[in-house]
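Straight from TrEMBL, the features:
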- 34-54: transmembrane segment (TRANSMEM)
- 43-304: domain 'G-protein coupled receptors family 1 profile' (DOMAIN)
- 66-92: transmembrane segment (TRANSMEM)
- 104-131: transmembrane segment (TRANSMEM)
- 152-172: transmembrane segment (TRANSMEM)
- 200-228: transmembrane segment (TRANSMEM)
- 248-267: transmembrane segment (TRANSMEM)
Amino acid sequence: MSTNNSKQPVSPAAGLLSNTTCQMEEELSISFSITFMTVGILSNSLAIAILMKAYQRFRQKYKSSFLLLASALVITDFFGHLINGAIAVFVYASDKDWIHFDKSNVLCSIFGICMVFSGLCPLFLGSVMAIERCIGVTQPIFHSTKITSKHVKMMLSGVCFFAVFVALLPILGHRDYKIQASKTWCFYKTDHIKDWEDRFYLLLFSFLGLLALGISFFCNAITGISLLRVKFKSQQHRQGRSHHFEMVIQLLGIMCVSCVCWSPFLVTMASIGMNRQDFMGACERTLFTLRMATWNQILDPWVYILLRKAVLKSLYTFTRRCCGVHIISLHVWELSSIKNSLKVAAISESPVTEKSAST
């Protein structure tokens with residue numbers, strides 16, 4: 001490798017840096033990036049503290065599995081925001097001169113890997129949480145006896161390893177992550193795509209993200225319908241559903257935030273991958289959708305901060321006082337043990353058990 005006095009640096013970034021940058025990016029200052037990163041770190045830190053405290057309080061299986069997955073999601077958001085935010089601030093502080101500080105493209109590769117991992121992993125975890133709650137509500141006995149803490153940790157490890165594998169695919173295929181036209185972030189190659197492999201990475205990222213959102217929507221719909229059906233069917237057994245409703249409300253919040261924040265970016269990357277639009281012509285739109293996606297890491301923790309049972313109870317009380325109408329009985333929010341939950345499940349499933357025994 002030649003390190004001598006070449007005035008033209010040998011850098012993977014050299015080809016792209018000569019292109020026109022997005023005007024929208026010039027309006028942002030380094031102070032905005034620092035503020036954005038700080039708010040994200042503080043929000044995620046607060047959510048981690050709340051979730052870990054709740055995990056220590058509720059050791060029952062049906063609650064601890066959900067809290068373990070939720071904690072992993074918020075921790076992933078935290079480190080994604082910290083690493084990506086720190087690199088972005090460094091790039092701004094260095095006047096986006098990639099040729100000077102990243103001649104070997106190492107920093108860009110790290111940035112790209114973190115972008116893909118911190119994007120896909122929370123979406124995967126959100127879908128796993130939706131599946132776990134769907135099984136917990138529709139098959140409570142199976143969930144309490146078969147889905148142990150060990151199984152949840154194995155699923156968590158599998159999700160993380162798969163997200164890492166997808167993020168490392170370009171490196172394993174001897175492809176570099178590319179500096180984007182704005183010179184402020186790195187991702188898969190998005191301009192002048194002629195190779196099927198570059199197109200494949202974009203389509204794979206979009207497909208996996210949209211698939212995770214679809215699974216979350218489907219499982220949350222089944223869970224919500226099942227809970228409402230049981231509520232209207234059996235009014236005498238309400239204790240076992242208090243935490244189910246709280247977790248489903250949080251899941252719906254996570255799903256809505258993820259859909260609003262991530263869908264535009266995923267669809268944009270899919271459009272670029274299918275050559276439906278030219279990246280350089282849609283640079284400002286892509287930057288806008290990217291910023292929407294990064295807001296997901298700030299809004300996710302606030303779902304757990306605001307949609308807790310204590311906060312919802314206070315909101316209910318406030319609404320009731322304002323409206324003067326008794327809408328929902330506070331008896332729904334009473335704490336219940338795993339025994340009560342299993343008792344309700346056994347009562348609801350007893351007719352099916354008797355029929356199978358008689359046959």
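Glycine residues also receive a Cβ, built from the backbone N, Cα and C atoms like all the rest.
Automatic prediction, not curation, is the source of TrEMBL annotations.
Against the transmembrane segment (104-131), stretch 66-92 has more CB pairs under 8 A than any other of 66-92, 152-172, 200-228. Outside the transmembrane segment (200-228), and at least 6 residues removed from its termini, the chain residues within Cβ reach (under 8 Å) are 116, 119-120, 123-124, 126-127, 129-131, 133-134, 137-138, 166, 169-170, 175, 188-190, 193, 241, 244-245, 248, 251-252, 254-255, 258-259, 262-263, 266-267, 269-270, 272-274.
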